[in-house]
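Taken from TrEMBL, the feature transmembrane segment covers 12-31, 51-71, 78-99, 105-125, 137-159, 179-199, 235-254, 274-294, 306-323, 329-354, 366-383, 395-414. If you look up TrEMBL, you'll see 13-419 marked as domain 'Major facilitator superfamily (MFS) profile'.
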Amino acid sequence: RLETRLSRRRLAVLAVFSCYSLVNAFQWIQYSILSNVFAGFYGVSFTQIDWLSMVYMVAYVPLILPATWLLDARGLRLTALLGAGLNALGAWLKCGSLAPQRYPLTLAAQAVCAVAQVFILGLPSRIASVWFGPTEVSTACAVAVLGNQLGTAIGFLLPPVLVPNTPNDIDLMAHNISIMFYGTAIVSTLLFFLTGVVFEEKPKYPPSHSQAVLQTKPPEDYSYKQSIINLFRNIPFILLLISYGIMTGAFYSVSTLLNQMIVTHYEGEEVNAGRIGLTLVVAGMVGSIICGLWLDYTKTYKQTTLIVYILSFIGLLVFTFTLDLGYLIVVFVTGGVLGFFMTGYLPLGFEFAVEITYPESEGTSSGLLNASAQIFGIVFTLVQGKLTTDYSPRAGNIFLCAWIFVGIILTALIKSDLRRHNVNSGIMNLDVKAVPVDSPVDPESTALKIQSAL
């Protein structure tokens, strides 16, 4: 068997990535949670404020393929630096938009942060695979995903505290916004420098046999175009791509329209609507960690994914038919259960994709999953929003339930071929000619030879 070791640096890499992913998610939500404040400050409509959040979704889909190509061609370190650097640049540009007539500048700044997101969302599974061993890889992926969720949670809590609505004192409002913007910019810049110090392309020794096998292959053997073709020829991955998009897109839609659903049945409860949204996110963070730990312990990828999918479906049904009972505490409980399973699914999807697509690039499979989620999220939000407005929140939620049921069927059809796990277990039955190599490759790594035990 190949020599493998765990690097102590891996924890620092994971921590720094999680932190700048957190800040990126915080910058996404900081406008929409204060939509009335920013609409009044910039003198624009609520639709224009909504675009400050929607730009994240719009930017992701066309840029994901160039971003995953860059990750494969130039490596993890450069991609991480781009994500952290653009995050900081967008934060500083916002500091220049602290005047009522500067909405275009703040939109441009948010667009820069949206581009940064493209270099962030696809990295959890790559960081986990390159830096962490077989018994901790799923937990590491869950922690990396957790950073983004925690940023959303902080985005629900902190901006309303920092920027209270003072419509009669625009100067005070600008001062409060500046505290939030400058604070975010300083933290983002610090994390950019930490990324430069902490991130390396890969550890000196591979953490697992599956990574050791990848590192024995010369870079010229890898074709990004062929990798994409291989992924789209992989029927289990296509089924997962669609089912992941349905589940995550449904979660995006529920999160976006939650305020509208709550206020329809509980007039004047905007504050509690925000708290219910926070409950969804926090419960989802717990779900992500538990699911990651469970995968590392059992390696039951398909079974766990299917069970979580079914429980999410049941959770959404219960949420739908108890929403109008008149008891907010019931909505808190059902919303928390829904968030636990729907968000807990995120690292499951990433890790299951890596298993069934090995030896293809983790960044490419994760990027395509995220792109699917963004597309379904946009469509579901538009359709559910229309149904909610024209009929009722129940009609919109039943629409999502029907799609999630389709996702259950697709998940049940996925063939569970755990390729990466087989290699780590010493079962070598794959052709790895088209495997991407973490660039640049150390001579020491390329010198590794596959022993007869594999």
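Even glycines carry a Cβ here, placed using N, Cα and C.
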- Message: Same chain only, please: residues at least 6 beyond the ends of the transmembrane segment (12-31) with a C-beta under 8 Å from a C-beta of the stretch. Say none if there are none.
- Response: 38, 49, 52-53, 56, 80, 83-84, 87, 90-91, 94, 110, 113-114, 116-117, 120, 123-124, 127, 131-132, 140, 143-144, 146-152, 154-156, 158-159, 180, 184, 187-188, 191-192, 194-195, 198-200
- Message: Using a cut-off of under 8 Å between C-beta atoms, tell me which stretch among 51-71, 179-199, 235-254, 329-354 contacts the transmembrane segment (366-383) the most.
- Response: 235-254
- Query: Looking only at residues six or more beyond either end of the transmembrane segment (51-71), which have a C-beta under 8 A from one in the stretch?
  - Reply: 28-29, 31-32, 38, 78-79, 82, 106-107, 110-111, 113-115, 117-119, 121-123, 126, 224, 228, 361, 363-364, 367-368, 370-371, 374-375, 377-378
- Top Cβ-contact partner of the transmembrane segment (395-414) among 137-159, 306-323, 329-354 (pairs under 8 Å): 306-323
- Looking at the stretches 78-99, 105-125, 137-159, 235-254, 329-354, which one shares the most CB pairs under 8 Å with the transmembrane segment (274-294)? 329-354
- Message: Please determine whether the transmembrane segment (329-354) and the transmembrane segment (78-99) are in contact (criterion: at least three Cβ-Cβ distances under 8 Å, sequence separation 6 or more).
- Response: no
- State the residues, same chain only, that lie 6 or more residues beyond the ends of the transmembrane segment (235-254) and have a CB under 8 A from a CB inside it; answer 'none' if no residue qualifies. 280, 309, 312, 316, 338, 342-343, 345-346, 349, 352-353, 356-357, 365, 368-369, 372-381, 384-385, 397, 400, 403-404, 406-407, 410-411, 413-417
- Note on the structure: For the domain 'Major facilitator superfamily (MFS) profile' (13-419), the averaged pLDDT of the predicted model is 86
